[in-house]
């Protein structure tokens, strides 16, 4: 479906961009623009009906749904921020409907302009009267530093910026919609929750029943839903949006992506990640002190990272005390030339100690083989991981004591739950505030079925399906992994002979780099 226009439609939610911009610095060319709309969100697969045609210079806008798409006569109102003291001196209070954020900012001279998203922020018109808003907030999935900050700032943003007083907290995750009482949230109630770890509203995995949830939303008169959670939770948010649209309800559904592993696609990073990397330094430092104080000390630190090794990679780069980092994306082997055992022995001879950091998802195939286990999954559909840290520690100990006849002092540290449970640091607190306020602005402006996050440091509204269709993982072919290898001087476990022999060929690397999400 091709949409070409030579003027800007009256409504800010239109899925076309103006040809002649209000701001000259945006520099949109004078030619019809074609953009890609996602008229229906799909949690698992790309929507076959969506259009990906572009104009001559390759400009594409991935738009998000708006309430007026299925409620055409919905009235709009002046934004209350017109009268806000906080925004009184802001030079440009409202985001222009022409403002977009580019997904790729490193381009060649003649390359297409590429995919863009709507810039997040307050709009001049809103589609809810403040006194008629009944909002709710729910948290789902595992814990992560910063959840309470997001809850607090959604409540305070709705109240302080838009004068909304009726805000409900849904306790215990998705099942809380239909199995628990709600909690009335006010700025006073949430005033200091950002100083605590965990989630003030409690959480759970699974429990998603679209019909029951939307029935409850309808029965309670809720018209704004803020959903904080990871990729599985956001898939659930997409299903809620679809059912809301099907019923023709004036309900804005906004997702705030949460994952400590930093594996959400499109956005620069997820909240809580900086805090996790910072806290991981304490565990790495403790391991280093322990092994440095004994003869032939071997320290193993297991960090979070089910499918993505970002925490392990960034914690290793930040520490400088790590000798080897193992992540799910990079296969490794223990025995033989260039293997982990050989590397550990070399470092013990050179330094008298070695520190290994590994993500929890690394080497799972080896652990499963040795334990003869079958794949099991939790309530969210995630594969239950075996303890690769204990397994690797035992393998190293057995090799050096039984094969090498060499006594070693093994120290194993698993700080997983200590990291997950702490409050967010200053950087993440600021980030959580921006996410929450962006979500509030978007919902009040009538956008729905969207998630928020920074794209190249600019916050944007992104279709939920874009952040759930793939996972963000460490790409072995990118420079960041090369920087880590250069920093630790560890083996890559990938050499040219192996590539030539097809053991770890380009197709396997591409499969790792482009792994699809299939669980809900």
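Just so you know, glycine gets a Cβ as well, placed from its N, Cα and C.
Here the structure is a predicted model, which means the values were calculated and not measured.
The domain 'Phosphofructokinase' annotation in TrEMBL covers 135-441. Feature annotation from TrEMBL assigns ATP binding site to 142, 205, 206, 230, 231, 232, 233. What TrEMBL lists as Mg(2+) binding site is 231. Annotated site 'Important for substrate specificity' per TrEMBL: 232, in sequence order. According to TrEMBL, the feature substrate binding site maps to 259, 260, 261, 304, 305, 306, 360, 417, 418, 419, 420. The active site, proton acceptor annotation in TrEMBL covers 261.
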- [ ] Please compare the binding-site residues 231, 261, 360 by how many other CB atoms fall within 10 Å of each one's CB, and tell me which has the fewest.
- [x] 360
TODO: With an 8 Å cut-off on Cβ-Cβ distance and a minimum sequence separation of at least 6, pull the same-chain contacts of residue 142 (ATP binding site), or say none.
DONE: 203, 205, 230, 260, 420
TODO: Compare the Cα of residue 232 (ATP binding site) against each of the binding-site residues 259, 261, 305, 360, 418 and report the nearest.
DONE: 259
Open item on the list: Let me spell it out: for each of the binding-site residues (206, 230, 232, 305), count the other Cβ atoms within 10 Å of that residue's Cβ, using every protein chain shown. Which one has the most?
Closed with: 305
TODO: By CA-CA distance, flag whichever of 206, 231, 233 among the binding-site residues is nearest to residue 261 (substrate binding site).
DONE: 231
Task: Rounded Cα-Cα span from residue 259 (substrate binding site) to residue 233 (ATP binding site), Å - done: 10
TODO: In whole Å, note down how far the CA of residue 206 (ATP binding site) lies from the CA of residue 360 (substrate binding site).
DONE: 22
- [ ] List nothing but the largest Cα to Cα distance in Å, as a whole number, among the residues 142, 205, 206, 230, 231, 232, 233 that the record says bind ATP.
- [x] 12
Task: Rounded inter-Cα distance in Å - residue 259 (substrate binding site), residue 231 (ATP binding site) - done: 8
Task: Longest CA-CA distance among 259, 260, 261, 304, 305, 306, 360, 417, 418, 419, 420, per record bound to substrate, angstrom - done: 17
TODO: Using Cβ-Cβ distances, find the residues under 8 Å from residue 418 (substrate binding site) that belong to the same chain and are at least 6 apart in sequence, listing them in sequence order.
DONE: 279, 283
Task: Cβ atoms near residue 233 (ATP binding site) (within 10 Å, other residues, all chains) - done: 28
Task: Rounded inter-Cα distance in Å - residue 231 (ATP binding site), residue 305 (substrate binding site) - done: 14
- [ ] Fill in the CA-CA distance, residue 206 (ATP binding site) to residue 305 (substrate binding site), as an integer in Å.
- [x] 20
TODO: Would you count the other CB atoms within 10 A of the CB of residue 420 (substrate binding site), including those on all shown protein chains?
DONE: 19
TODO: Average the per-residue pLDDT over the domain 'Phosphofructokinase' (135-441) and send me the rounded value.
DONE: 94
